[in-house]
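Structure, as structure tokens:
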Amino acid sequence: MERNLFLLTLVVGFITDGSGQDNAKRCPYPESLLNGEVYYTDTVYGSTINYTCDEGYTMNGADVSECLSNGMWSNPAPECKAVQCGLAPIPQFGKIIYNKHVEGNTTSYGTQGTYQCLPPYVLFGDAKAECTSNGNWTKTPECRVVSCPPPENIERGYMSSNAKRTYDYTETIKYGCHGDHVIEGSQQIVCQKYGNWSERPSCKGQSLSDSGIQGIEVERDNDHVIVTDSSRSVTLYMVSDQKPLSTWTVKQGQTFTCPAVYNSQTKEYVAVSDSKVIRIWKEEDMLLDKVFKSTVSSDIWSIHSIPGGEPVVLFKKGAMRLLDSLLTAPQQPIEEVISQEETIWWSTNLMAESQQFVIFTTEQKGNHFLYLQRLNPNTLQRYQLEREEPVLSPLSFCASYRDKHICLLYLYPNGHLYQSTLSVRNLGGVSEEAQALPLSRSLLLSLPVGEGPLKAASALILDEAHVAVVGVPHPSAGAGKDFLCIWNTNFQTLQAGKEMAGQIYGQRATRKTQSTPCLTVEKVLELIKTAPLEEVQKEVEELLSHADSQDLQFSVGHLASALVSRSLANPSFYTSDILVQLVRTQFLCHSVCPDLLLLALERKDYFLCQLCLQFFPDIPEAMTCACLKAFISMPDADAEKVTLEPDSISFMEALIAREHGEASVQNGFSSSDDKDCSDALEGDGKARISAASEGICPVKLVSELGKIEASFQELDKMKVKRDVAQYSIEIIELL
């Protein structure tokens, strides 16, 4: 019997298909892991998966799993659970508010809370709390009692409380000023968390801002000036004919906080609103809301610009930045150059030896300091002015450069006009605490002060032998009259003088300007804010019927602005008759209340529009065109209801005369013989403005000073040997 031998071979491995590819057994693709990560390269037999949990989460389960031959993973996917913390620790006299609902005595990773202290305790440390990845809460703050020492009074001022006690955190004290001084800064100080008071205000003498003007700056040349009022408007004037060329206004609720300047390098205007917002625009721009704006990190005191130089920004704490450098990083930190109790009073800039200098003065506890800052390279020197007894503060400063020295002129309430000279060479480097050097002075003039100390006055250097002064009484004139005077400092004599009607820069306060009509105006202004229409109309009419022209001159603008502001905010409130009366006083102009004409157009008050065009000399051309367009497109139904001035032909002729410049009227202003700030319109029933109203034209004084300056420039070209009496003859002819 034959035996057959068979060889059995067992092959274990992979089965291949006809294509020759491995057909390996695969495991399912893993799902994503909540609060974790899954790492793998393949899912075939023998592959592995690695699991990790995010920060703040711990793993429950295996962190590795392998694909088996049966197509299943060796371990199920793990779970990532949040790290648990206990309840946040509570400081004594404090509490915590969680950002989500907490159950029981545990909290999970990421839970946050905010600490608060019970009054009067103050929180020290980080108020934010969080459950961290290590199962612990962040550091617990403390709750402490905070108190401030009794605050000090301010010079020429008083406090709401003189109690010599400690004050708790957030308690406040209010300040006020004596006499004619006005408060600068916040009227209220607050006890802060570190036991110190917020910055105190200061009391300063009234100056340019009291006339409604914040500043006047030269534009492209001496014949163009930029006038910034104390509220919301910037106006470009031509001095030679007192013509307003353009006006720009910020929105209701916003204010310009320093005078606008002209950047001669870019031919743009630069201004600051609300202390921190820099606005830059060109002459053709109409709406300031649409121009370039940039907000900086610290309050600005002023911007200075001179022809050929880049504008310089001076902050309230004494630091300076070139405008372009500041705009590249508006939120850059700003250092404090002056001490906490120092406040800037005055500043200017000038060119000396082809370098730009910025000069500013400060006051600290009755002491006055002067800072001289050179730009590129930056050097700073601090000087201390001599005290003027009995503890008087300067009313005005001015600076000029001649004979390689900076000449500083400053005037005190007792009429003493001093001069100091500063060398621009060998200045020390900038240091954290500049050493104050004594600043020597010489008495240049002892001016007459009349019945009492000067409240506000100003002096300007014309040349090495002459100064111009306003706000100081004429030696031979009666009290209450204001003069622009030219004094010869060599001979201590009055060279020339001209009476300036109205309140000019340097107007001294009198008993009349401090009397009860001012209080009445304040009460009426408060009534306008909330009182019913009938009551407002009655009170304003009563005020207008009893106040004299001089009082009206300074209150009409405030009354009109208050009425217009409420009318814009409340459509049901509109006092057309009162606004007409205010316009007819002829103490009002477009720059003082720029929204009045807009309101009249909005309410279709064509009669008020006509009066504004008739009496306002400074209406921009674009606004005039808008009014004329409104008249032309007036519907017949509205035209039948409108009552216009009977001599409207004369009115239109006057409008045309503004553009063409008739001999008797120059761009809306009367000739020199008729000292008027409004249109010199002829016709029955048209009252002329009294000479006192001239003060509401801010260019008038600048025009006089500009002509005098030009005269002295011509005189400087003359030979030195010419007799000094020539000066007097030239000026008298000029004035």
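Cβ atoms are placed via backbone N, Cα and C, with glycine included.
For 1-20, the entry in TrEMBL reads signal peptide.
Per TrEMBL, domain 'Sushi' is recorded for 25-82 (among others). Model confidence over the domain 'Sushi' (25-82) is summarised by a mean pLDDT of 92.
Annotation comment: TrEMBL describes C53-C80 (among others) as disulfide bond. Non-local contacts of C80 (disulfide bond) by the CB criterion (under 8 A, 6+ apart in sequence, same chain) comprise L33, L34, N35, G36, C53, D54, Y57, T58, M59, N60. When secondary structure is read from DSSP and collapsed to three states, C80 (disulfide bond) falls in the strand class.
Residues annotated as domain 'Sushi' in TrEMBL: 83-145 (among others).
The domain 'Sushi' annotation in TrEMBL covers 146-205 (among others).
The Cβ neighbour count for C191 (disulfide bond), using a 10 Å radius over every protein chain in view, is 23. Under the three-state DSSP scheme, C191 (disulfide bond) falls in the strand class. Per TrEMBL, disulfide bond is recorded for C148-C191 (among others).
Spatially close to C148 (disulfide bond) yet at least six residues away along the chain are T166, Y167, D168, Y169, E171, C191, Q192, G195, N196, W197, judged by Cβ distances under 8 angstroms.
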